[in-house]
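Read through the structure below, which is laid out as structure tokens, and then see the notes.
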Amino acid sequence: MSQSAEIPYLLRAARGEVLDRPPVWMMRQAGRYMKVYRDLRDKYPSFRERSENADLAIEISLQPWRAFQPDGVIMFSDILTPLPGIGIPFDIIESKGPIIDPPIRTQQQIDHLHPFDPDQTVPFVKTILKTLRQEVGNQSTVLGFVGAPWTLAAYAVEGKSSKTYSIIKSMAFSEPAILHQLLSKLADMVASYVRYQIDCGAQVVQMFDSWAGQLTPQDYDVFALPYQQQVVRQVKETHPDTPLILYISGSAGVLERMGKSGVDMISVDWTVDMAEARQRLGKEMKVQGNIDPGVLFGSQSFIRDRIVDTIRKAGNQGHILNLGHGVLVGTPEDNVRFFFETAKNADQLLVHA
């Protein structure tokens, strides 16, 4: 077996190799659109149990692997999972989302946050990642994932999901010193968590700054970018060769700024044309994405055309095919299967198209 054949396909793309087709996986590929997941959810209704019980999280992570054989298998978890480990408890209410009560809004609360010890507070992550590596071998790449400091702070300060982010923006624009302390502590936690995931078996780690797209570009430069950089800098000091991906929803206005974070790859959302994203980010930056999740509700010929279009625009080096957001609830499983089958035969499509 050649050395390149021993390296998982997605990892080769993340390292910048020229490939016949891009590797493919989907954000939220394990989730509610799959009947096997819904059946398991009915039996175990607590999201935290599903994501923090290692056996359940392993099973859920592997459901799309068994069904579709994606080139990437991502750990089933939540971006808030590490927060209790520094003193921010949370719960997840089905159909309502995360709740943090009390929310973090005072200097005293921030002073009481403590350093993150993943072995003590998230030991199940080690079991999940080590088992996933054993299960998929070199046939797929195991991805870890974390939330970025701004997005974690948004949940912690707001206390829940928000449409306006008025509470954290009030803190940012009236008491910035307090928020900067929180962001720095969260960045240290995230960096420690990324390193832990890599040590436990993650071969690539994606950082989600889901709500950074709610910031103006000038505020992104103050409250999001420096803390993304803090995470990346700390991780690269100890794990320089592990590819890091950054994803932001609604990122068209800050795309170039994302490239300054220090990550190896930018996951582009569907609001930016992939050819434009390539141009704006520069040829050295690798990209992931960026098909509109709504495309998976379309006809098979439409799905096929969008796959080919995206691959052509991204080029044959440094691209991972993905959606521009997570798989939507209600997406037909047959269309997801068709998406993966088509993507994995894209080299043939590109020759004949």
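Quick reminder: no glycine exception, Cβ is built from N, Cα and C everywhere.
Here Swiss-Prot flags Arg28, Gln29, Ala30, Gly31, Arg32, Asp78, Tyr155, Ser210, His325 as substrate binding site, drawing on sequence analysis. Less than 8 angstroms from the CB of Tyr155 (substrate binding site) sit Leu80, Phe90, Pro98, Ile100, Gly147, Ser161, each of them six or more residues away in the same chain.
When secondary structure is read from DSSP and collapsed to three states, Asp78 (site 'Transition state stabilizer') falls in the coil class. Within 10 Å of the Cβ of Asp78 (site 'Transition state stabilizer') there are 17 other Cβ atoms, across all protein chains. According to Swiss-Prot, the feature site 'Transition state stabilizer' maps to Asp78, an assignment based on sequence analysis.
Counting other CB atoms no more than 10 Å from each candidate's CB, the binding-site residues Arg32, His325 peak at His325. Taking every pair among Arg28, Gln29, Ala30, Gly31, Arg32, Asp78, Tyr155, Ser210, His325, the residues recorded as binding substrate, the greatest CA to CA distance is 23 Å. Here the Cα atom of Arg32 (substrate binding site) is found 14 Å from that of Asp78 (site 'Transition state stabilizer').
In the structure shown, the C-beta of Ala30 has more C-beta neighbours within 10 angstroms than that of any other entry among the binding-site residues Arg28, Ala30. For the pair Ala30 (substrate binding site) and Asp78 (site 'Transition state stabilizer'), the Cα-Cα distance reads 12 Å. Mapped onto three states, the DSSP output places His325 (substrate binding site) in coil.
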